[in-house]
Amino acid sequence: MANAPHGGVLKDLLVRDAALHDSLLQEARSLNDIFLTERQLCDLELILNGGFSPLEGFMNERDYTSVVETLRLAPYNGQKHGDVFPIPITLDVSQEDINTLGLKQGGRVALRDPRDDAALAILTVSDIYRPNKAIEAEKVMGADDIAHPSVAYLRNNVKEFYVGGKVQAIQAPTHFDYVPLRFTPAELRAHFHKLAWRKVVAFQTRNPMHRAHRELTVRAARQRRANVLIHPVVGLTKPGDVDHYTRVRAYQALMPSYPEGMAHLALLPLAMRMAGPREAVWHAVIRKNFGATHFIVGRDHAGPGKNSQGQDFYGPYDAQELVTQFKDELQIEMVPFQAMTYLPGSDEYQPVDEVPKGTPTADISGTELRKRLRTGASIPDWFSYTGVVKVLRESYPPRPQQGFTILLTGLHNSGKDTIARALQVTLQQQGSRSVSLLLGEELRSDLDPQIGRAITPEQKHINLERIGFVAGELTKAGAAVIAAPTAPYERSRQAFKKQVVGSGGGNYFLVHVATPLEWCEKVDRRGLYKAARAGEIKNLTGVDDVYEAPEDADLVCDLRNDTVPEIVHSIIMILESQNLV
């Protein structure tokens, strides 16, 4: 029998009464709207379907403060203490949002999906409060350190106020990917009941699974005479993780390796916080709501990596210890596990702590696996399954087949456009991949025709972000991208790089065409510098707007001293050193 929901009742808020649905939908049309962020969208979906039971909305200040300080909701209705809930679930807004939307206690506002404008729910505002972000970071993530991705998100993306209140569901967010693998808690519980699964061991993952993971989950199931729920996160995970499309195809390739009827694959639309011990307790609560009776917690569960001092944010077994601390209230049995290692002599996997001293073992680290994928080197059968490796190779081809972006930055007339065109011809001669040329002025007029010569600093930043998005998408598709905007600001170049690295896989190179201003003015046949000095053009970089020279360029060149062929050759040598050409 499936485990009881956290708090005793599954808070499935999804409306099933047609008349009520129509009434709420009609009301939503008359209300002001909050368009949700990707994280808020994930949170709302799990509020609506009961995955976050006993929550019925976004946390008010009383619950938020209690969760941050005590890992519990505030006590209600005579409770001695509230239910365990270790992560604050909040809806952030700005002062401008409050003013524009007329947000106030008792007011109602529609929550919309930014992807299709669909009204998902109506929130009744219980309170509006300003959180102490430093305390939230210290208490929840363990440190106010922006090396932690959730602290960086809190500091850089989360607005200054939180709005608390219960929600009334109109509909769940619509998904078009892997629909047969998406189950609400009620649906998954019904599925377990249909299969007569009395004990279910849930396995949380945000990474592809290989033989060690399969052996680990099978061992856990056998020891407890249970079945296995493979429950990977397909919402927001750690930046740089394998995309969920690739991961789900890899999970599907792995599933036939389980004995018939032992395991089930279902997807979880969770926005992870990478909060280590607190996150492990949160994951246990969520899996309990989905009907699991057991939950696997491993070494450094949901850890984000290193802090600013190069140390781990959490101890290796802090997560297991915190889940154990709350085991009586969680009512879901934790299955602790050590890392698994391969024994070549017996062709089997064993937990590291059970291997006799001196026994030969073999392992492939994540770094080594990425290297083998990048270079096309073999991946042994003892490490993974043929189908899983095939999926990973399709998504992560070897370096000569990967896309890349070269950003040439410099003043107008520095020669960057000439270098870009010459490099384009050279790469096209070599073949093997398409080559796209993104020149700053041409793209500016194409992407935003309203921007003329009088471009403001903020427009320059936005323009480069747009070019970065295009470059990232082309890079992801395997193209060679040469971008040559002025790109005068460091923050803009970093935003551009983030677009390429995040979307395109990290093959990004910066070339600073450092030809000085006096030379650029001397060869300015179009008269832009002359017009700027006469006041006819505003914010021309180098005249009345700053150019911030990059300090991290892969190549610095100057057309006074270097010829275009020499510069192109130097760029090609950089690409060759990375096995990209």
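Positions of Cβ are set from backbone N, Cα and C atoms, glycine also.
Positions annotated as region 'Catalytic' by Swiss-Prot, on the basis of sequence analysis: 177-401.
Positions annotated as sulfate binding site by Swiss-Prot: Gln204, Arg206, Ala302. Cβ contacts within 10 Å of Ala302 (sulfate binding site), excluding its own Cβ and spanning all protein chains shown: 24. Under the three-state DSSP scheme, Ala302 (sulfate binding site) falls in the coil class.
In this structure, Thr205 (active site) is part of a beta strand by DSSP. The Cβ of Thr205 (active site) has 18 other Cβ atoms within 10 Å, all protein chains considered. Annotation comment: Swiss-Prot describes Thr205 (among others) as active site.
Among the features that Swiss-Prot reports, active site is placed at Arg206 (among others). Around the Cβ of Arg206 (sulfate binding site), the same chain contributes Pro232, Val233, Thr237, Lys238, Asp241, Arg247, Met272, each under 8 angstroms and 6 or more positions distant in sequence.
In this view, Asn207 (active site) is surrounded by 15 other Cβ atoms within 10 Å of its Cβ, with every protein chain counted. Marked as active site by Swiss-Prot: Asn207 (among others).
A 10 Å cutoff on Cβ-Cβ distances gives Phe337 (site 'Induces change in substrate recognition on ATP binding') a total of 19 other Cβ atoms nearby, all chains included. Under DSSP, Phe337 (site 'Induces change in substrate recognition on ATP binding') is assigned to coil, being neither helix nor strand in the three-state scheme. Look at Swiss-Prot and you will find Phe337 tagged as site 'Induces change in substrate recognition on ATP binding', backed by sequence analysis.
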Show me the subset of Thr205, Asn207, Phe337 whose Cα is within 10 Å of Ala302 (sulfate binding site); these are the recorded positions I mean.
Thr205
Cβ within 8 Å of the mean position of the Cβ atoms of Gln204, Arg206, Ala302: remaining residues of the chain near sulfate:
Thr205, Val233, Thr237, Met272, Glu279, His283, His301
Tertiary neighbours of Gln204 (sulfate binding site) (same chain, Cβ under 8 Å, six or more apart):
His231, Pro232, Val233, His283, Arg287, Phe295, Ile296, His301, Ala302
Can you give me the Cα-Cα distance between Thr205 (active site) and Phe337 (site 'Induces change in substrate recognition on ATP binding') in Å, rounded to a whole number?
14
